[in-house]
Amino acid sequence: MSTIEQNPPSPGGPPSAPPPAAKGRGAGAAAGIVWTLAPYVVSVLLAFLVGGALIQAMGYPAVDALEAVLTSSFDSRFGLIETLHKWVPIVLCAYAFAIPLATGKFNIGAEGQMLLGATGGAAIGITFSDLPAIVLLPATLVAGVLAGAVWAGIAALLLVRFRVNEVLSTVLLNFVSFKLIDWVATKVWPDAGAGHPATTPVGEGARLPLIGEAPGLHSGVLLVLALAIFIAVGMRFTPTGFEMRAVGDNPRASLINGVRTSRLAGAGLVLGGGAAGLAGAIDVAGVHGRMLEGMQSNFLILGIIVGLMARGSMLALPFVAFGIAVLEFGAGTMQLVAAVPVEMVLVIEALILLFLLLSDLVRNRLRGAA
Amino acid sequence: MTTTARLEMTEVVKTFGPVRALDSVSLEVGAREVHGLLGGNGAGKTTLMNVLFGLYKADSGTVRIDGREVTITSPRDAIELGVGMVHQTFLQVDTYTVVENVVLGTPLEGGSHRAGLAAARAKIAEISERFGLDVDPDAVVEELPVGVRQRVEIIKALYRGAKVLILDEPTTNLTPQEVDALFASLRTMVAEGMSVILITHKIRETLAVCDKMTVMRDGARVQTLDRADTDAEHLAAIMVGESHGSYETPTLTEAVALGTEAPGAVVGEEHVGGFEPGVSVVGATVRNDHGVELVSGFDLEVGKGEIVGFAGVAGNGQVELAEALAGVRPLERGSITVHGSALSGKPTAQWLDGGVAYVPEDRHRDGILPTSGITENLILGSHRSARVRRRGLIDWRAARQRAAEAIDKFSIRADSPATRAGDLSGGNIQRVILARAFAHRPRLLILHNPTRGLDIGSTRFVYEQIREATAAGCSVVVISEDLDEVIAIADRVIALYQGTQAGEWASSQVDPYEIGRRMTGLGTASVGGAA
Amino acid sequence: MSEFLALVVPMWVVFTLAAQGTILSGRTGVFNVTQEGVMALGASVGFVVAYKLESNLGGLFIAFLVGALVGLVLTVMTTQLRMDQFVVGLALFFAATGAAGLLYREVIGVTMTPPKIDTLTKYDVPLLSDLPVIGEPLFRQDYVFFFVVVLSIAMYWFMQRTGAGLDFRSVGENPKAADSLGINVNLARTWSTIVGSGLVAMAGAYFPLHFTGIYTDGMIGGRGWLVIALAFLGGWRPLYVVAGAAFFAGMDALGQKAQVIGLGIPHQFIEMLPFVATLLVMVFAFRWARQPAHLGLNYDRESRLAG
């Protein structure tokens, strides 16, 4: 008995040596970056290879088409501005997906939330069109955020109170929103001259100021850039950000350790909805000047793709979103230059995602072997 | 031996990534033999049997049954060769009836589905009768108690004509009475010519029922012995091994945990009744997730520095009681006061701040963030306290520093604080959870099955930590389905039956059979040895 | 009434067919969320093949095969490579959506008036089709209707009334238990996902082949997602799905008739009905509806963690 207590035996084996982390830290970090970036590079290359082969097989010039996809964003000032304008809703819809995902919830409702945000923004922008920009612009954006948050809040409420699967509720709310904005655009504030269901324009005070000479970059881009930094820091360093990641990792363990999980999951959805709502309001205030049907484009899908590709890293997300924005802008040019249907780019993006997911397996095998 | 063995496994090797789980293990089991497979957690007992049952594919090695070399690549092969296995976690479809579970995967006889099930029902009745395995064939298994579900598992194997039956830690959740009945059934089986392999880490059980025993350690076979040639001390010495220098006689606590010493031997008189008031539970009523009241009007006093042990069969309100004491599950009625502060009705975070620490039963499901690092796991629960924050934000540098210290103090085997908790072994996960619990400076520590599945070293470590906590005045509640454990470490033992106290004993006066009766709802009228 | 039923019945065919395909794989634990994309792909393939080969049966058949191919990819990536079912499903949903538009644009091109095919021929059920009011809409149907009726009964019989069905369902309830008894988990998951996904694509092909005679992007209009809701509401049981599909089809028909009905409220609000009603029903359904215990969870025999 005595020996055991005097000389504490190391249960289960000798005490582990201090980890060799200290000496190889620099090399370890570099290796970490390579491990992180390599799958992206390989996945993009493979997807372009397969996509190119598909284009060639369909009888189009693959090289011209892919070149157009990749480079047209950088060929002109206009291209870059348009790419950044696309980047804004993509990155915000990606947050709409990724923030709830951090708590383990899937928000497939970004397009509905974005449309509601656009409607909320347009409602303020039209109703109070005479107000000065200093009041009207913030009001428009805030209205968009709130409208998106409320729309996602319905799904959050159904989830927290009634345990309704959030995938289904957010998706179904998209379709409800399509009908709702159709009503707004054709009955409430219809613009008969638009030739397409759309509201009347918002007041001048609701428009985002442009940067540089026409065609200028709208200042929403800077706003989103600031927001991106804020979100990345918040997720890493605030207790709430930590709780979100903890809940996403293991909701039961989080609950037992004092995290209010269902409230947090609901909050994640609401925050995500707010981000998507902001996307709608910014597109109203910065791009279209009104709410119009179809303005959600395919930002839902792109947001999900970006959110999944970023793999939970709020730091990587804006960069991935920029890459996708480049492809999306390039898609139009590709159709002009090489006559390849734009859907080709969606197929390529889906391929990048699939290859990226597959790369996890490859990487695990490689690490297992090492 | 001159006759061919029923089962011969030769030089079996199995690796999981870099881990060599089985290092060239050989095993022979004869007909009409109960063979004990003995060893601590991680010794490779279950892995070896999973290879035999076709759940794991061995890297190399051969298996012979009745002298013939066989290839087993799936459970189907194993079943066809007459191998049956009763796993630690029952492999049953909860929503199916007993009959449906038993016939699963077998072709039904008779013209129709209905006729086939009727024939199966008759065959099950016959097996029940012959081996003393009483079950209702038409009951839905999710509604059956653990002991009966285990019989269903055994019947499943016998229905398929098993001649080699493997049981993985079968007694963990059974009362002493049920253990006796199980062992009687096993003796009947070997009397009829079957072979039984009993995986266990309890030496007393092995000695009670086995004809032969093989001891494993660190993925290798240490020795195979005849029952007649060994005793408890000898087996314990082989099991613990001589790897840390010479073998020392274990402390009484450890001896009980090992099962070499009869329970009840541990406790001295000095503590009983001599505790300052600490935790007070009055009229606690708790519902389970489905709204069923599982704990009703529960009163409990735990003194400062006292260890109260709850013995009971799983499903008698343990989880609900533990979660209520930990502030995770709201009280329907009643109140809980911990060292002077009334906590009932407050959010879980305030219980944690008030010094209530909970070590849950299911370590993977309830205990850790599997894909997060040890650092993150250790600050979980105190992430809002001033200790981990600087200017409102989490100070990760300090958190890493503290994690490194905890890894050292709690002897957690990990490369660095960034090692993912899910990559750790069960024992090391439990150490992480304990490290987190002790970081709260607990006034009330609740442990549910704290050593289940742990090896002897880790078990000893857990007990040492509990003792250290009580020395600092912490009130401790240990809820365990392992009766031996409760008796070994508690100052006071309470039998739990259907969410109520079915008996109470000072540690000096315990009688395991009496506790066994009480925790199965028998003999409630008697005063027993209540303290 | 008769006219309304005539709208409901074909929608019932769509919902039933796609939902049976969904629960077939769901019962083995594979949670398929590709419906919206696979149905669009089925519509595109079905139309293009029917148009080029002038064979509607050929269109249905090839649509089934293409859907089965998506199912094959889904099952390889989840049961073999053990990637997250929902994430892979989303990616395949995107790819299928893109492929649907791409195929149509590639084969047909952009035209002023979209090409049209003949819709499926209808057959009378002897005697019953002569009944007043309900005879014509209920008992004068094309062969897909009869196929769906037979399929639903067959699936019920298989799952609830045979030993093979008992084994089959156990895979989605407790794959480890099934595996330990020699039931081939991967095989069950693989074939059910392939066949199930094929059925979903067929349901998509029914749109151009029965309703419109033409293909348009977005013609599925969210019904693929409603199918998933239907599977949940039907408790993943073939006969409950048949009943639930009638409700969904009724709501859908109401939405379609919104412009005509009037009622003094804007038609958009009536068109919301299928979606809003589904949301409301789910509030109650998620309390009692059962689902396979391992729905959406991959099975790894050698995993040391899973219980």
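Quick reminder: no glycine exception, Cβ is built from N, Cα and C everywhere.
Bear in mind that TrEMBL entries carry predicted annotations, made automatically and left uncurated.
Since this is a predicted model, take the numbers as computed values, not measurements.
The feature region 'Disordered' is assigned by TrEMBL to A:1-23.
Among the features that TrEMBL reports, compositional bias 'Pro residues' is placed at A:8-21.
Among the features that TrEMBL reports, transmembrane segment is placed at A:33-55 (among others).
The transmembrane segment annotation in TrEMBL covers A:84-102 (among others). Within the same chain, residues 108-111, 113-114, 148, 152, 166, 217-218, 220-221, 224, 228, 231, 235, 244-245, 247-248, 265, 268-269, 271-273, 275-276, 278-280, 282-283, 286-287, 297, 299-300, 302-304, 306-308, 310, 312, 314, 317-318, 320-322, 324-325, 328-329 sit at least 6 positions outside the transmembrane segment (A:84-102) and bring their C-beta atoms closer than 8 Å to a C-beta of that stretch.
Tertiary neighbourhood of the transmembrane segment (A:114-135): same-chain residues 89, 92-93, 96, 141, 143-148, 150-151, 177-178, 180-181, 184, 189, 199-207, 209, 276-281, 283-285, 290-291, 295-296, 299-300, selected by CB-CB distance under 8 Å and a gap of 6+ residues from either end. Among the features that TrEMBL reports, transmembrane segment is placed at A:114-135 (among others).
Note on the transmembrane segment (A:141-160): residues 96, 105, 107, 109, 112-114, 116-121, 123-124, 166, 169-170, 173, 177, 223, 262-263, 265-267, 269-282, 284-285 of its chain, located 6 or more positions outside it, place their CB under 8 angstroms from a CB of the stretch. Annotated transmembrane segment per TrEMBL: A:141-160 (among others), in sequence order.
Annotated transmembrane segment per TrEMBL: A:217-237 (among others), in sequence order.
Under the heading transmembrane segment, TrEMBL lists A:264-287 (among others).
Under the heading transmembrane segment, TrEMBL lists A:299-324 (among others). Among residues of the same chain six or more beyond the transmembrane segment (A:299-324), those with a C-beta under 8 A of the stretch's C-beta atoms are 40, 44, 83, 87, 89-98, 101-102, 108-111, 114, 174, 225, 228, 231-232, 235-236, 245, 248, 276, 279, 346, 349-350, 352-353, 356-357.
Here the transmembrane segment (A:336-358) has Cβ contacts under 8 Å with residues 39-40, 42-44, 46-48, 50-51, 54-55, 58, 60-61, 64-65, 68-69, 298, 301-302, 305, 308-309, 324, 327-328, 330 of the same chain, all six or more residues outside its ends. Feature annotation from TrEMBL assigns transmembrane segment to A:336-358 (among others).
Tertiary proximity for the transmembrane segment (A:217-237) is limited to same-chain residues at least six positions away from its ends with a CB under 8 Å from its CB atoms, namely 81, 84-85, 87-88, 91-92, 95, 99, 102, 141, 208-211, 244-245, 278, 282, 285-287, 314-315, 317-318.
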